[in-house]
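Features of the protein shown, as given by TrEMBL:
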REPEAT    164-199  repeat 'PPR'
REPEAT    200-234  repeat 'PPR'
REPEAT    235-269  repeat 'PPR'
REPEAT    270-304  repeat 'PPR'
REPEAT    305-339  repeat 'PPR'
REPEAT    405-439  repeat 'PPR'
REPEAT    475-509  repeat 'PPR'
REPEAT    650-684  repeat 'PPR'
Amino acid sequence: MLLKFSTLKFSNKLPPCLDLPGRYFSIAYANTLQLKPETDPTPPYLDDFEAKIRFLTNNLYPDNLIRVLDNTHDMNSAVKIFKWAALQKRFNHTADTYYHVILKLGLAGNIKEMDHLCLNLARDKCVGTEEGLASLIDSFVRHSKLNEAIRVVVNMTLGGYNPSINIFNDLLGALVKEKKDFQHVLFVYKEMVKVGVLPTVDTLNSLLEVLFETNRVEAGLDQFRRMRKKGCSPNVRTFEIVIKGLILNSRVDDAVLILHEMLEIGCQPDLSFFTCTLPLFCQENRLEDGVHLFRLMRALNLVPDSLICRNLIRCLCMNLLLDDASDILEEMIEIGEIPPVDSFVDIVNGFCEGNRYSEAIHFLENNCGNLSSPHKALLGGFCKTGKFFLGKSLLEKMSERGIADCDSWNIFIRWICENMGIDKAYELLGRMIVQSVVPDCGTYAALVVGTCKLNKYEDALELFYYTHSKLWVLDPICYSRLVEGLCRVEKIKEAVEVYYNMSKSGCLLEVTTFNMLIKALCDVRKVDAAVKLRSLAYCSGTSCTSLTYTTIMLALLKSERAKDVLVMLSQMLIWGCTVNLEAYCILIRSMSALNRFRYCALFFKLMLNEGLLPDSETMHDLLYCLSNHFQLHLVLTDIDKIISRREILDSAIFNLLINGLWKEGCKSEARLLLDLMLERGWVPNATTHTLLIGSNVNKVMP
């Protein structure tokens, strides 16, 4: 029975890297082979080649030829010897001689020559050809020459031989393992279907794995559901592949359903299944499913490895189930498994998050005597909650035990800088140096933050220059505090210098600080520098917001560069920022300044459609521009939407509207606006009054 694969489309063509040459040697092999002339100007290893030919002239037997080929390192010489042997009377190549030269060519990447010989082997029907071709595929797979293996499969089928299911399974498995393109796997599967070889569960497992790895989730689920129709029942490896694929494609709920289905049909998980799936559920914080699998593992008397325990402990700690996490840690130690340091850190962090500091101290004393990282985790917890004396005591104990490294001191110094002042920090720094601990980048970052907190920005800048001379990279918070401070004291040039240096180091600036720097540049009319800084932000990974763009756009407008506002709008849209109310107002005012009345009307309509209303100044600029070009009718229907907003339409705007509409021939609309204006108690200006009075006089004249 042939397989149905309706959800996937097969191509009738080989993948580009697998296209076979259009011409092959004929079966009358010896009659068509042509040697290169002996006068070849640059024949490789000429003396060695001639010596081997002389030896084979009187000793031309398959075993001798194979030995000569194996000892011929130059590929061109090996092929010439092989072809020479084919022309000799009373000698016929065997499957073994073909095998050795084809393998040699394939391993060397000589695909074209390999194809010729491989097809001739298949067509010449030598004794042992099928076994030889199968051995070639196996050898190429073992050497990760998978394209070459696929070509042998193609030539094998063209010669009328059907590779076994084991050959196909080995090749498919290797393709999946090597993360080859989906089309390669599909092509091999198609070759298998074409020759009528039925799949096994291993075949379909390889297919499922590549489907999920290439994000073809629905196709993968469809193939999983149709496995039994193809005569295969899913095994534990199948369920492992499907559950893993679903979780990695953010389909965790579906993965849980498949897990329940697996257990309901009595498919027993093995250690590989648990090692793969349990950490994935824990990483998704699916504690209930992770614990369920862990209990099932125990019931099957399977011993969890450190990967499983580490992920389960972390998940338990995230959910503050610290007693359970500690129990698992103790069980690991009892069975001789050395827990990773991360697990100790996770438990300490959990105790700190749950404000269970006495238990954290007890846990450290009993389990982490000489481990630095868990102690640093507790030290960080003390600092976050302002427990100065406990932190100080812990740091002293760490120093006595010789586990207080530079990071340990930095944690405490940073907290002191942020909360107690720079003087105490320098005092602690002195003790640190006495302990023979050399300050590093983190130490100076803390000092920069502490100095900025005291508004001593010049001192902080000197510290920054020192770290820069050491090629140290400070942390984003440190950079942000320094840039903010420099902007506040109007040292804009220095702030930009700091930002350039941190950007080159790939360090990100906080969004609010970056916007502050952009505004500072625009306030001193350095809008070009602000534009360059925005470009640099994307290169370094610093995020820009709508505020970034509106700040620059407003500066461009104030600098009488309204035409550049549209350029900034295009950048704003390209990078996915929202065009907000302020942006629309700036755009309308810019287009009004350029007398681009159609753009004015367009932006006005767009903002109203988004439920945004312009301010009075923007509205005046818009109507003034449209009135000057006799184009108020473009927004007449839109005016009705905001006619009731007194804070937007004042008496000056009413006069502008009435005059403009009257001149454009919209007299009834102008009269309605006049009535509304009078109802609000506003007196028309002289121009409006004269216009309307003159009109009424003309009406009553005979």
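Start at 1 and count along the chain as shown; that gives each residue its number.
Here the Cβ of each residue, glycine as well, is placed from N, Cα and C on the backbone.
Residues of the same chain lying 6 or more positions beyond the ends of the repeat 'PPR' (200-234) and with a Cβ under 8 Å from any Cβ of it are 1, 3-4, 7-8, 165, 168-169, 172-173, 175-176, 179, 182, 185, 189, 192, 241-242, 244-246, 248-249, 251, 254, 262, 267. Sequence-distant neighbours of the repeat 'PPR' (235-269) (same chain, 6+ residues past either end, Cβ-Cβ under 8 Å): 201-202, 204-205, 208-209, 211-213, 215, 217, 220-221, 224, 227, 276-277, 280-281, 284, 286, 289, 293, 296-297, 300. Break the repeat 'PPR' (235-269) down by DSSP state and the numbers are 26 helix, 0 strand, 9 coil. Helix first, then strand, then coil: DSSP counts for the repeat 'PPR' (305-339) stand at 26 helix, 0 strand, 9 coil.
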